[in-house]
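Here's the structure, in structure tokens; my notes come after.
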Amino acid sequence: MSSRAIPTNRYAIQLAVFIAFGFLFGYDIGVISGCLIMPDFIRRFGQVDENGQHFLSSSRQSIITSLLSAGGALAQAFTSDRFGRRGSILIWSAIFTIGVAIQTGTEFSIVQLTIGRFIAGLGVGALSGMSLYNGETAPKALRGTLLVLYQLQIIIGQANLSIIGVTIFLSYILDLVTHRIPNSASWRVPVGLQLLLGLILLSGIFFLPESPRHLLGLNKRDEARKVLAALNGVPEDDELVDELVEELVFAIGAENEGGKATWAECFSTRNNLWKRTGNGMMLQFIQQLNGQNFYYYYGDTFFQSAGTELSPYVIQVILGGVSVIATIPALHLIESWGRRQLLLTGALLEAACSLIAGLVGHFTLAPTGTPKDQLTLRNKQGGDTLIAFAVLHVFSFSLFWGPTPWVYLGESFPLRVRPKSIALGSATNWIWNFLLSFFAPRIAARIGPLILLIFFGMLLFGYVYVYLFIPETKGLTLEEVDEMYRVGVKPWNSASFKPHLSEEARQKYIKDHEEKRESPISAA
């Protein structure tokens, strides 16, 4: 028997950080919110009122922001099965880069701008579903933490060894720096920087390995061994690699007994797949109606009417900085508290923020368009209070509901349906992202801060849903999560669930290995 090496996870962590660039839409959310109030952007893509002044109507704001969210998430299920996880990442990275190039090259055509945003949206929508890659390459003990790196990369460029990402926080700073430039560079520079992100992802062709679970699903055992050895930092002939391969083969065989998966199977009663797919989709739905994206997309425009002395760009930078601070402890809490507790706690905190901000804003803010010299002390205090609770809301979201639904989505499904189920969850996220960004400015134009009460109601619903239907998956392998759903553990009892599948696989490996060692003696 070969000696067991001490595993290291440096390579797996590097890959997780690199794949976190797939959440490129986070950067765009920050950029586009600032562009909506830049004079040159309004002049090129807005309309002219009866006084000859350029403006962006709520309908144009809707179409500009929402088209990034209009498609792509379902498509990755087809490409990841046909071309592998690695090939799928490269394909959609190229599509995203083309879309950004079209946006950046736009002169005065809102049609060209929106087409570019739609094409880029196809790319980021598909890449958002690639949490399955992190879920399939991350070691068991690190999987939750590595999946949270998605959210960290959405908020800030996180340096890990030699890789630096660009995210919402940087986009806010760039908007702050460039918004005073009196020409198109004010918005072209922050938008065009996404070209660099796309090229970084495309560079993955030189070093990204294929998912070992995908390789084993294709019966490519030798290639899977090489990847598993690299991900764990051990020699290919190490005993740990033998155990991992046997465990995965055992689990994949059990998963694939029914033949090739179909879309309908994602909602079948087999192994409670309908519950798992429904939970993944519902968490993504609730996440989008948390209210945070309203601040991200339309914060600059919304805060202009709050009567504060701070620039809307400065407020957005503050929101970005708060998001950074909140996301870092999530890397620890996702494993120490668990997924379920984070969701329950976050729903209550964010609901309180939405309720207070909505009521304070409704009863204290002046009507939109009121000159600053006519604002009363009550108006200004109300604006400051609204912004304070907006900051607390974003902090709570980044700590709780920002990362956790993506972690849950990446670890809830068996291999045979994982790409399709993750695609359905991601598509749900994008559909509601699209609907929110399309309708939010129209609703806010009619009811103002009371729009926050809609998010308050959704967060209360989210708390109840999580308590009744979302089980705890902390500390479980992908195969053990499958077992937990199959045996029908109640969500409120799931934290104490003790799996048996991995132990069975391990005992089978030990038994087979001992039989091989004893066979020469028996023959003699």
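Note that the numbers count up from 1, one per residue, in the order the chain is shown.
Glycine residues also receive a Cβ, built from the backbone N, Cα and C atoms like all the rest.
Residues or ranges marked as transmembrane segment by TrEMBL: 12-38 (among others).
Summarising the annotation, TrEMBL assigns domain 'Major facilitator superfamily (MFS) profile' to 14-474.
TrEMBL lists 90-111 (among others) with the feature transmembrane segment.
What TrEMBL lists as transmembrane segment is 155-177 (among others).
According to TrEMBL, the transmembrane segment annotation covers 189-208 (among others).
The transmembrane segment feature in TrEMBL is assigned to 313-334 (among others).
Same-chain neighbours of the transmembrane segment (346-366): 290-292, 305-307, 374-376, 378-379, 381-383, 385-386, 389-390, 392-393, 396-397, 399-401, 404, 448-453, 455-456, 459-460, 462-463, 466, counting only residues six or more beyond its ends whose CB sits under 8 Å from a CB of the stretch. Under the heading transmembrane segment, TrEMBL lists 346-366 (among others).
Feature annotation from TrEMBL assigns transmembrane segment to 386-409 (among others).
Annotated transmembrane segment per TrEMBL: 421-441 (among others), in sequence order.
If you look up TrEMBL, you'll see 447-470 (among others) marked as transmembrane segment.
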Long-range neighbours of the transmembrane segment (386-409), counting only residues six or more past its ends (CB under 8 A): 131, 144, 147-148, 150-152, 154-155, 279-280, 283-284, 286-287, 290-292, 295, 299, 303, 306, 308, 310, 315, 318-319, 322-327, 329-330, 333-334, 339, 342-343, 345-347, 349-350, 353-354, 356-357, 360-361, 365, 422, 425-426, 429, 449, 462, 470, 473
Highest-contact recorded stretch vs the transmembrane segment (189-208), from 90-111, 313-334, 421-441, 447-470, CB pairs under 8 Å: 90-111
Local confidence of the prediction over the domain 'Major facilitator superfamily (MFS) profile' (14-474), expressed as mean pLDDT: 79
